[in-house]
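Visitor: Let me begin by handing over the structure; questions about it come next.
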Amino acid sequence: MGRRRLHERLRWTNLYTFSCIRPTAVTNNDESPALQGPGFSRVVHCNQPGLHSKKPLKYPSNSISTTKYNIITFLPKATFEQFRRVANLYFLLTALLSLTPLTPFSAVSMIAPLAFVVGLSMIKEALEDWNRFMQDMKVNSRKVSVHQGEGRFGYKNWQEVRVGDVVKVEKDKFFPADLLLLSSSYEDGICYVETMNLDGETNLKVKRSLEVTLPLDDDVAFADFTGTIRCEDPNPSLYTFVGNFEYEKKIYALDPSQVLLRDSKLRNTTLVYGVVIFTGHDSKVMQNATPSPSKRSTIEKQMDKIIYLLFTILVLISLISAVGYAVFVKFGMPHWWYLKPLDTSYIYDASKPILSGVYHLVTALILYGYLLPISLYVSLEVVKVLQATFINRDIYMCDEETGKTAEARTSNLNEELGQVDTILSDKTGTLTCNQMDFLRCSIAGVSYGLGSSDVDIAAAKHMLSEASCETGEDKDIEDLWEGSGEGLGSPERESEGSTISMVENSHNLIIKGFNFEDERLVHGNWSKEPNSGTILVFLRILSLCHTAIAEPNNKGNGFTYEAESPDEGAFLVAAREFGFEFSKRTQSSVFVREKYSPSEDPVEREFKILNILEFNSKRKRMSVIVRDENGHIILLCKGADRMFLGEPNSIILERLSKAGRIYEIETIKHLNEYGEAGLRTLALAYRALEESEYAAWNVEFLKAKTVIGPNRESELERVADMIERELVLIGATAVEDKLQNGVPQCIDRLAQAGLKIWVLTGDKIETAINIGFACSLLRQGMKQIRLSVDSSNILSLDPKKAAKENIMMQLTDASQMVNLEKDPNAAFALIIDGKTLTYALEDDLKKQFLSLAVECASVICCRVSPKQKALVTRLVKEGTGKTTLAIGDGANDVGMIQEADIGVGISGVEGMQAVMASDFSISQFSFLERLLVIHGHWCYKRIALMICYFFYKNIAFGLTIFYFEAYTGFSGQSVYDDWYMLLFNVILTSLPVISLGVFEQDVSSDVCLQFPALYQQGPRNLFFDWCRIFGWIGNGVYSSVLIFFLGIQIFSSQAFRVEGQTTDMAIVGTSMFTCIVCAVNLQIVQLMSHFTWMQHLFVWGSIATWYLFLLVYGMCSPLISGNDYQILSEALGPAPVYWAATLLIALACNLPYLVHISYQRSVNPLDHHIIQEIKHYNMDVEDRRMWKRERSKARQKTKIGFTARVEAKIRQLRWKLQKKVSLSIQTQP
């Protein structure tokens, strides 16, 4: 069945010069070098998928999985995960031993808690993995049209696609597998592909089919189609492909330009046909993926060490108990007639004391098990789930446009959010929103556009605020964010730059891609400018020098532009707004509607396109050669000229003629200003060509196009360079790569919190640098360290070795430069490309690379593959030993998200691959600030305090059992009723500690944002270091000693009641247990900084519950309550000594912590202590100057971020002001 072609009838290969030109070499089978041997064993039978059903041609299915488990592996893997926890392993052993007669407790009481803890954790793991499974199913269930035989196509799920299938992919759909492009809706097999999910780039890539497959342009053509592909084996390299295509008894060489990769998207092309080469996990994007790791937080890992320590203590006291028991059995038992020493058993046998001691060791290991808190894991799971719920329901992390909220996809890493040291971020879709806006331009040495950067505005405000200090108005740099962007115009500068004033701006951005303000150019006013002729040429370059396609929009009153790059689209929108509307492209012409005045009708002009010399990363420029309506031949050129860190990067400027440098000085100045503002700049130039000159050059150009072999690209570049000379400079453009809302503010706050930020992107280095400026990771005055290796300049028998030696030398020189720097305000920016990074990540270079990187304020890695992102993340994680967080939005970020300690996915417009692989998902990068600085800080501190408190209370409780056993001759007898021991962790102390882990706030959320340096308490691990852990262990030991020995002393040496009765074991045990319940609950009250009615209910309710239980339990039948029958109402309640001892012992147990915290707050307070006192006494309201001074102190000194740029700008303005003042003094008579 035939199909109509619309604008696709353009044969783009007639216009493109470089990557779009297909090789014409065709060889016979006998002449073709065969692809064989290791790495080149793939054979694909096109349109014959049935041949791939058996080995050795049986390949993986197209189904993908990002889950940790499946039906078969869930039980063993999840069980292994649970018993990686040493406490669970111990309790499994004790549960098994409880089935023997040696246990002091019933088997049910030992097995049931373990089964509950492990079962609850496994259910949580299953639910989280089920969510990942459902996301995988959404991807696997996508539909694609597949050839079903006899020229008929039908839709199938992605997971049903097989190697060898011919598929038809429609516009704006993702490719289901790695495909060989056979034909497209364009007549010459060209198609546009967006690879954002693979390399992060938003500009479109041009792919092209082999010429021999062009006739396969409709469904019917595939009825009898067969062919064979022999190519490389599956590998992660996104930018390479080697293979041959055998078709009609001839062999054609294949290269990456014919391959369409899975998860890239078809754009600007109605449809394409392709044959499947790699499916599922063999595809290149999945080859770049890493297995879903099992992540554990730093605190949990350290908690295991504490468990080992407590287990060692448990074994030690159990050995003491066993030895003591053996001694008593041998020397004491024969004299204790009431124990019937002659009635022996394997447990009590005076003739075999060692064997009895061994048996007692088992009993002791079970008896002292309360030192290891099994309920800790259950409580942690509950707390983390509730913390995750609060994160999910934080309305301040909800995207207003999409309604998407933050999501904690796993709750295991909540506390890890508060210990992050380094953030590794993708660029496109994460920092930026994939939109370019035309903001400013320089034409004929005059700068147009009143837009101003946030840095200029904030610096101006700060300078003005300093002048107003005398009036009592004090401004903090932090406050300069407010209103610094939207709603403010540009500062108007005097020529010296010393006077700055703010002007109001009423402009609202309503045109996508155009954020330009200057009445001198819009509405046809440009024609009134002195250099209107130069402006005319400038606007024509914008409207002609591109490869975009114009399509009528849905409203029918204009055009939409589909361009290879977003800045091309922004130029065309700007040209249209200035009155030069690109309206149509034909095979050989471009039509522009020119309108010089609002009152005039547009005039449509035709420009013949003679050649297009396209942009690439090496040339860094693009040119078109056109013939206008007067027959003049003109070369129009735009190139990436820019000023970076004070150093010119000249592409166009070095190609100017002497007569074409009239505006050079002014244009360089404007390029510098635009670059400082973080804008993306291009220089524009032209050249008029003589007919004979062009004809001679075109002959050379056509020869270069027909070159076959590896020298073809270099020949084309050489010939293009011949004509791109003697240019006349017209001006420059400045477009803004739009950041997501709040990105600069977020980065600034994270920098003040002491976090390091690396950018890992697949984009070109120029794009990444511009974004670095825009989000304040880079700034003017930074010293650039750019690591790169140009293999073409290395002449050696071993190029790899020579390249590594070159990089080693660069690393050594850069390290010396950093170490010798004396200026405290100096900052270094490290920039490295993917090719160089390949060498830098090898074992003999990676340590030196990392040591240099951590010394730099900013690190930007460009042109990196997904695999390299993961390797860099691993290097930082393992090399620094500190917590890393990776954040991204596309499939190309999955590797680093999974490799990092914490992975954050952006739930944007580019699919859900990153979210599926992440631990947390947010809809905007700016929400990362709240996720870390607020929730991360809170969760870390809550979990740290909770675990320390848990160990404290269990040591305080568990050691009293040991003391009593020693006191009673190591008899194995517990002083507490079994019900008491069961309720201690489950009821009486569980809810207060859960409330601590869920609701505790040392400071409010607003204060966390105002004092970002508070976050450093997490990375420095102030609340869970060994000093604090041993302090809490010591506090527990002190409390246990006090409770037992003071309790024994009080209750055993005197009459207990008025009638003269003395205490028995039930009275002593219940009294001691009451002291423990009161002491540990009072201790948690001292820990809490933030009280709600719920905390009061849980703490005081727990104590009340104990008394209520004691009353109800005592009222039960003696068959149930045993020796505790009526113990509260008849024995303890009427006895004043019971109440007095409880109060005395509970207060005495809490006295050391009270003294410690009082001394610390008075002599050496922590940051949050000071803030708490300021807030308590309302000093933040009554003394705003002091409050802002404290806020200023509570920032980590940083060399990146908005605040650092403002401070650098202030230093620059002060220097200029001082210079002007000194000059004025010198000129005075």
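Every residue number used here counts from 1 along the chain in the order it is shown.
The backbone N, Cα and C atoms fix where each Cβ goes, and this holds for glycine too.
So TrEMBL lists the following for this protein:
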DOMAIN    44-111  domain 'P-type ATPase N-terminal'
TRANSMEM  86-104  transmembrane segment
TRANSMEM  110-127  transmembrane segment
TRANSMEM  306-328  transmembrane segment
TRANSMEM  358-380  transmembrane segment
BINDING   Asp426, Thr428, Asp889, Asp893  Mg(2+) binding site
REGION    470-499  region 'Disordered'
COMPBIAS  471-481  compositional bias 'Acidic residues'
DOMAIN    915-1165  domain 'P-type ATPase C-terminal'
TRANSMEM  943-964  transmembrane segment
TRANSMEM  979-999  transmembrane segment
TRANSMEM  1029-1053  transmembrane segment
TRANSMEM  1065-1085  transmembrane segment
TRANSMEM  1097-1115  transmembrane segment
TRANSMEM  1135-1155  transmembrane segment
Visitor: Near Asp889 (Mg(2+) binding site), how many other Cβ atoms are within 10 Å of its Cβ?
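Guide: So the Cβ neighbour count for Asp889 (Mg(2+) binding site) comes to 33.
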Visitor: Any idea what the model's mean pLDDT is for the domain 'P-type ATPase C-terminal' (915-1165)?
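Guide: When the pLDDT values over the domain 'P-type ATPase C-terminal' (915-1165) are averaged, the result is 88.
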Visitor: Compare 943-964, 979-999, 1029-1053, 1097-1115, 1135-1155 by their Cβ pairs under 8 Å to the transmembrane segment (358-380) and return the stretch that comes out on top.
Guide: 943-964
Visitor: When neighbour density is defined as the number of other C-beta atoms within 10 angstroms of a residue's C-beta, which of the binding-site residues Asp426, Asp893 has the lowest density?
Guide: Asp426
Visitor: Given pairs 6 or more apart, does the transmembrane segment (979-999) have at least three Cβ pairs under 8 Å with the transmembrane segment (1135-1155)?
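Guide: No, the stretches stay apart by this measure.
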Visitor: What is the three-state DSSP composition of the domain 'P-type ATPase N-terminal' (44-111), stated as helix, strand and coil residue counts?
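Guide: When I sort the residues of the domain 'P-type ATPase N-terminal' (44-111) into the three classes, I find 31 helix, 3 strand, 34 coil.
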